[in-house]
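Data first, discussion second: the structure below is written as structure tokens.
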Amino acid sequence: MVDYEVTIFTGSLDQATSYNEVYIKLVGTDGESHRTRLIDYKGSSAFIRGAVSDFTVSCSVSIGKLVLIELDKQRFLFFPEEDWFPAKVVIKSPEGDTYTVPIYRWITDSKVHRYKEGTALRVFEDNHRHGSNSREKELKRRKEEYRWDVYKEGIPHCIKARDPCSLPPEVRFSFTKTVQFTFTALEGKIELMLEGLANCKKKWKDMHHLNRAFWHKTHMADYVQKHWKEDVFFGYQYLNGINPMLIRRCMALPSNFPVTDDMVFPRGQSSLEEEMKKGNIFLVDYKLLDGVKPSVINGKKQYLMAPLVLLHKTPQDQLMPIAIQLKQTPADDNPIFFPTDSEYDWLIAKIFVRSADFNVHELNVHLLRTHLLAEVFTVSLLRNVPMVHPLYKLLIPHTRYTLQINILARLLLISKTGVFTKFSASGGEGMITILKRSMASMTYSSLCIPEDIAERGLKDLPNFNYRDDGLRLWDIINRFVQEVLGYYYKNDAEVKQDSELQKWISDIFVHGFLSKKNTGIPQSFTSVTELVKFVTMVIFTCSAQHAAVNSGQYDFDGWMPNAPTSLQRPPPTKKGTTNEATMLDTFPDVNATVHGMAVVWLLSKQSTDFAPLGHYPKNHFTEETPCKLIKKFQERLEEFEASVKARNGILEVPYTYLIPSEVENSVAL
């Protein structure tokens, strides 16, 4: 007889415990064990949450190298059938070899479940060494669990699921996450109800009344409330706010933006041509919103402009707005506004810009370019790549909670009765128009921050912390991905031969980018370099980019005047007609304001089971080399974080959204 030492690790998730009987069978290259009930001195507590329990499985002869294990659980005495979340199984053979089988899945029934030994294998290796039967069965089951669906034509496809409960258990929120997410949502709503604001369809009486509704204050939100009117802060937000994705260097004015030298340099101190040659003029063009049908809120028509904004980098390295045109077509009733105009003419022009920015940010920059893309990457991974594949092990931490948060967004935010639909200017028909237009203009290069920054001409713009931190993080992630994938793929031929890898990118091209070649998204991988770049983009999008455009939502948008969800008066058609009363009449009604505040508060609230970038609580990699590479990755992130904190210490407004310990591994909020 020969003995195999078996150690079962039960996961630390809430409700991972099971008191059922657990059985195991070991399957090797030369034979298999009998199905064996696992019993140790702990008895019924062997499979409680966080338990590590040791067992012995005896065989008459050696089974050779371990290929897979079979696990099942059965009711024990009077105990009901219970779900169980095994994390991994470690087996030590009589020959002295140690095998790790990662599981990290709920077992919810009494069927036999098969799990492969955890050494990361590409498909051609697996076929050669063990045959692909178990792998094919795993993917067949996954394709039944994770099916594609079309939410709206013209935007990325999504998971087919009615609600979070219809998702497989292992991709749902943890119990902790569910409770905290629900509590945060209820907390905001209850406060609004107690204040009598949630159902109030009236206008704001005065700024004091609005100040009282600003019930949660972060340090940054308080700063925004104090500085939102200032031009220097208006410009700052294009670099270090939650939408640093629109600004670009301007080398020639658009023909529909007829700004002249005397308008912006009235004392002749410079000229637009000179400043453009020096690289000091920047443009933000909201043409994406042109002609979008605005919504109706509380029975009142709303207004959503498509502004053009011209900014100037001053000798003091401040980015200052110098001209705003609120509609795309020049006309007598579409004046160009300047800082030299009356206080409220200029302020209301900036308010219309900030409202436009809110809507573009939420739908294009945040929803489409992080949430919806992350869902595509996730569904394709789960459908096409088995657990033992190195790509699965590398990317699975960056998919955590993404499917559930997106289902909740479709149910609670952008559905017909969703908060965004009911209380934003672009809700309803306009939302789909914006998403389709955004999708049509999205490119691969715009998702890769080094290329995006270069294409927008922003390489040397000072005080651009999003760029500086984002480029550093991209490089750190890219180096890690290159090291890990380089360990498994020794040449381009191995990439081309990996059919599971090719199916993953093919599904992304078809379902994520709707088979559009002009996006630049690869349809297949032909080299290690191409694979590394794409996987870097995926990890960066799901972690750093999402953090940059999500985490500061309440900081910048919680104070409504800085980011109105909607505006309910048309913009002024001539100058000298505005005052504070005009501004208050233009702002969204009380209920629209406070529902917007509540949503951005909810979406900015970090959960206690937050998993930061570089942390892999479920260690799918079992080989020594990738585990060492993960540790190096974490060390580089720590070094980078220290440098960011040192820089932030001398800034009036610290930029914190890309501090690695504050960046979540996945799109989970």
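Cβ atoms are placed via backbone N, Cα and C, with glycine included.
Look at TrEMBL and you will find 2-121 tagged as domain 'PLAT'.
For ASP83 (Ca(2+) binding site), the number of other Cβ atoms no farther than 10 Å from its own Cβ, over all displayed protein chains, is 15. According to TrEMBL, the Ca(2+) binding site annotation covers ASP83.
Long-range Cβ proximity for TRP106 (site 'Essential for stabilizing binding to COTL1'), meaning a same-chain Cβ under 8 A and a gap of 6 or more residues, is found for ASP83, TRP84, PHE85, PRO168, PRO169, GLU170. Summarising the annotation, TrEMBL assigns site 'Essential for stabilizing binding to COTL1' to TRP106.
Residues or ranges marked as domain 'Lipoxygenase' in TrEMBL: 114-669. Residues belonging to the domain 'Lipoxygenase' (114-669) score a mean pLDDT of 93 in the model.
There are 27 other Cβ atoms within 10 Å of the Cβ belonging to HIS546 (Fe cation binding site). Marked as Fe cation binding site by TrEMBL: HIS366, HIS371, HIS546.
Take the mean position of the Cβ atoms of HIS366, HIS371, HIS546, the recorded Fe cation site; other residues of that chain with a Cβ within 8 Å of it are VAL365, LEU367, ARG369, THR370, ALA374, GLN545, VAL549, ASN550, VAL667.
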